[in-house]
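Heads up: the structure comes next, in structure tokens.
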């Protein structure tokens, strides 16, 4: 079996184990011909099947897997030899990792996985082959645990379409839990999505996916709205009192284009998108980093911009439409959060309209070109809340509410001072509560619109002695 030609792989191995490096050089000279079965070695202890499958999913269907627990190895069988070649070619330039540990991937001498694939000399295999094409239903039942902020139907479509064509989705609430039924085009695709996504978090540390097979084999969707959708029938009515499906969105979701918005990985996708999808499948799911979705928002009916859902990198006010702007967030996850939480919220009596833009970045004006100050670069702004990966701020993201969370309050600032400060920003303070140490507090405005305005005006407000007030939305009530 031969290793992909990656200096990064070989140098890492030679540093970590001298005897292994000699073995690798011998194997390099005996490179196996392309095969849809790949041999994966040096896996970390306790690596799960889903983590191994995630390495291959961005490149095509994974049909079988065999893990050798005691040997830290696995065999992965892809649906086609072309998919395996694409995977090997990609990982020859980008070192594959599982649990932050570099692993080695090469073609296997086996052309397919059978029960006797790794048995020899009378010794049984230390694992069993899992057939990933044996699922009976294309419909999955999805429950969201730790749902600290809403998961929309469109978010589910984004995540699950990484694995194949999503045909239909129905969302509902049962036992006070958000649930969904999601139908793929075939059972094997549903099985692969379940194996890869069950137990994963949609956002950092929350919104955990719990996935089982449904007894249903076909979903009957009557309406296309924010509760249910049939992507094969965009002409369905919205139903009474429900937001209709946007016509542009309906056109985008017709037929085979249903996956194109997220960059599903065919054989010849560019390495950047392949890497993003590989990372997505491996644990960050579909919404972090550059997942194929845009990190740029188009916001209209604006008077100000709100950065509570991510770090706005650049903002460009449109020349011919001054109440609209392109806002480039740090990544597609933050853009999705801002859109889902802010679209339709009122500011200055007008509903904000927020949608993903077709642009992938906001360009700064060329040197010497005066754009009348319409484009601003906030890359190094001190207001960014999410610069550190895994920051606890990711766990405190909530939709706009009447209740604001205040922090970094100086010890000499009283309740009366804060009430007066927010009243002057416009609106009525209905309730106030200090935390025990008086460094944090909850403050409730009379309307969500007033709370939004208070956050815009007073987040990072200098309270004296370089104490800058921190303001965010809270899920608590007073």
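Glycine too: its Cβ is placed from the backbone N, Cα and C atoms.
Not measured: the values here are computed from a predicted model.
As given in TrEMBL:
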- 1-32: region 'Disordered' (REGION)
- 7-19: compositional bias 'Polar residues' (COMPBIAS)
- 20-31: compositional bias 'Basic and acidic residues' (COMPBIAS)
- 36-120: domain 'RRM' (DOMAIN)
- 140-216: domain 'RRM' (DOMAIN)
- 283-359: domain 'RRM' (DOMAIN)
- 402-476: domain 'RRM' (DOMAIN)
Stretch-averaged pLDDT - the domain 'RRM' (140-216): 87
DSSP helix/strand/coil residue counts for the domain 'RRM' (36-120): 25 helix, 27 strand, 33 coil
Residue distribution over DSSP helix, strand and coil in the domain 'RRM' (402-476): 21 helix, 22 strand, 32 coil
